[in-house]
Amino acid sequence: MMIEVLKSKLHCVRVTEANLNYMGSITIDEDLMDAANMIAGEKVHIVDNNNGERFETYIIKGERGSGCICLNGAAARKVQVGDIVIIMSYAMMDFEEAKSFKPTVVFPDSAMNKIV
């Protein structure tokens, strides 16, 4: 049996931009992506701690070291710059494998979105 489990999590990063006129997605600083074991094009679930919104989109690689967390397209309507969000991705795996799997969870400094 296959189940879906948490694979990666960026816990409490700050939204730096919201670009309604861009073609959808979330742009994430490449340093944060690497730390969380996330890749460009990966589907992510986003939770906004400030307003309770929950939505899905996919990742676009942002400039390394920039601290960028930018919601693009329609998702830009779900957040405000300065909001604190949690970004999660999931993986399908065998039930037995999932029992011992440990997700990558990253707690960046939310003031600057930097790895501490």
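Even glycines carry a Cβ here, placed using N, Cα and C.
For reference, Swiss-Prot has these:
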- Ser25: active site, schiff-base intermediate with substrate (ACT_SITE)
- Tyr58: active site, proton donor (ACT_SITE)
- Thr57, Gly73, Ala74, Ala75: substrate binding site (BINDING)
- Ser25: pyruvic acid (Ser) (MOD_RES)
Site of maximum Cβ density within 10 Å, from binding-site residues Ala74, Ala75: Ala75
Distance, the residue listed as 'active site, schiff-base intermediate with substrate' to Ala75 (substrate binding site) (CA atoms, angstrom): 7
Alpha-carbon spacing, the residue listed as 'active site, schiff-base intermediate with substrate' to Thr57 (substrate binding site), which is rounded to whole Å: 5
Secondary structure of Ala75 (substrate binding site) (DSSP, helix/strand/coil): helix
Recorded positions compared (Ser25, Thr57, Tyr58) - the one with the fewest other Cβ atoms within 10 Å: Tyr58
DSSP-derived class (H/G/I helix, E/B strand, else coil) of Thr57 (substrate binding site): strand
Those residues of the chain, 6+ apart, with a Cβ under 8 Å from that of Gly73 (substrate binding site): Asn19, Leu20, Tyr22, Met23, Gly24, Ser25, Thr57
Ala74 (substrate binding site) and Tyr58 (active site, proton donor), distance between Cα atoms, whole Å: 12
